[in-house]
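Data block below; observations after.
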Amino acid sequence: MPRQHAIEDYRNFGIMAHIDAGKTTTTERILYYTGKSHKIGEVHEGAATMDWMTQEQERGITITSAATTAFWDGKRLNIIDTPGHVDFTIEVERSLRVLDGAVCVLDSNQGVEPQTETVWRQGDKYKVPRIVFCNKMDKTGADFYKCLADIVDRLGARPVALQLPIGSESNFKGMVDLVRMKALVWNNEALGAMYDIVDIPADLADKAKEYREKLVEAAVELDDDAMAAYLDGAEPDEATLKKLIRKAVLTGAFYPVLCGTAFKNKGVQPLLDAVVAYLPSPLDVPAIKGVDDKGNEVVRHADDKEPMSLLAFKIMDDPFVGTITFCRIYSGILQSGTGVVNSTREKKERIGRMLLMHANNREDIKEAYAGDIVALAGLKEARTGDTLCDPAHQVILEKMEFPDPVIEIAIEPKSKADQEKLGIALAKLAAEDPSFRVSTDQESGQTILKGMGELHLDIKVDILKRTYKVDANIGAPQVAFRERVTKRVEHSYTHKKQTGGTGQFAAVTLIVEPSEPGKGYEFESKIVGGAVPKEYIPGVEKGIESVLSSGVVAGFPVVDVKVQLIDGKFHDVDSSALAFEIATRACFREALQKGKSVLLEPIMKVEVVTPEDYTGSVIGDLNSRRGQIQGQDMRGNANVINAMVPLMNMFGYVNNLRSMSQGRATFTMQFDHYAEAPANVSAEVQKKFA
């Protein structure tokens, strides 16, 4: 079956936002107006088409990015729904990898919120072209112009309005379209499906003229001919202006800003028009790079004629189909029944069922093309971030980097049957979400779950109980401490056991020193003249690595350390890789003690938004949690407090804050860095763990 839509007519985009800015509602309306969804699902009632996990429906937050296909104005839209809660930033990063453009949704009442900054920065990191939609214009306190100022102040970006609101709060009727210089006015009867194009209201004429000028001036900067014509008094026509706005979006020169209210069905169609007009097709963004099986860089263009390559970006467990792997096809054509290679894991797979996903129903397809986002059922080996490709033209597309978890809990199944269910469930959850890790505590034998925050783990536990019916006891959350040496030391150690039979002999001298934070572990052999034969060096490395997982302060992983092997001795008969491993292990442990190892604790960046009346209590409380206040700011009529607080002092903070502010204050936190723990904290932790 030939390709039905030319690749330049594809728009692979996501909707990114702060929690509660109305992202899911906006996606819902897009599906409604593109004719895919017959009944509008309201998040308030927990029935949105995109939010299809029970946990999401209850919490009213989007957790898993479901990919959906819809059509508008002859263009094919692949919409990737991204979560907006900070504990799920990994999902946002992952979906930003596979989309070409994004709509950033702001709550017009709140402006730019903490999580907006986070997802915006991730968008910057992956150079995602964006347009901005100021949602909730019907809310009390909605302020479109403050949103524009916020984008400059808080995101450091350049916004250019393409629309101005007509009326505000409950009188919000529509918007002035600055490209066409017309007013779009909605009548409330037709669920937003109908709007009238009329002349700009007289009271907005001056403002419209002022902002139209700003738009045209920003646009003509991108083209010398247009600039010359403009200076001669000729304004660009509509087609030229749109072309220039598109160029601005693709280059990041400025960000077009639109407004509306998705909940009240106003402004969604012009937003769709803007997606089609300004966001990139797969041909407008740089081709993806990867490495071939010889390690050379290769480029894969969005072209059906190129060898097939696709990236798995999301894995889900579906009760009807089994494991579903969401993939973006970067090049070539994929047919069901073909054999592919998972080049990341060097495993072969066969493509079984191929599905095109609508938020919660699916359509079987036989063939998919470059630019498509498809769901593959029944892949055995694929994990998030893996590349699947043509066996004759192997490539590994860019690797995704996943952050280390900062919080952990122990989980104990209540019965033997639960134990079995838990094993299966955890394997699936870990495959679906690389920022969620599972390990076993060597000493206690307990299963440890590790994640990015309390909410992250709460939801995983909830899924275990509901979806997989595992009955288990959950321990209190623990902080993921780390250890590091603070001074450079040189240390020698000799291991010998030479009493009858085969003996063991190895001597090593190590230099152990702290490296820059975030550098991790580095090893270097500086052996000259064969003091330690080459074949024993892996034994030395193994010895070091066995200590790294459990340091000398309280048994936590050792980070940011550089180890050099500078000297050693060996015996022709009694030396072995094992002897060198044992010697190095002892030498490294003693060096860590000599090098004054300290305990590091994760420090979280916390932002609290609170009504003025509670500011004093909030700051006092943060100080009592060893928080360092970084600054305060006003946002609307609320006070914004930024602080750095140790994670170990933030457990249960949500309930505390709620009771302190009568439920009116909110907070977000995310991992920022590791810092040395004070002596009293270190002593307490050592008593508990060492």
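Backbone N, Cα and C define each Cβ position, glycine as well.
A coil conformation is recorded for T82 (GTP binding site) in the three-state DSSP classification, outside any helix or strand. The annotation GTP binding site is assigned in Swiss-Prot to 17-24, 81-85, 135-138.
The domain 'tr-type G' feature in Swiss-Prot is assigned to 8-283.
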Give, as a single whole number between 0 and 100, the mean pLDDT over the domain 'tr-type G' (8-283).
82
So which one is it: of the binding-site residues A17, D20, T82, which has the fewest other Cβ atoms within 10 Å?
D20
Using a Cβ cut-off under 8 Å and a sequence separation of 6 or more, which residues in the same chain sit near M137 (GTP binding site)?
S108, F144, P165, S168, F172, C259, G260, T261, K266, G267
Cβ packing number for K23 (GTP binding site), 10 Å threshold:
29
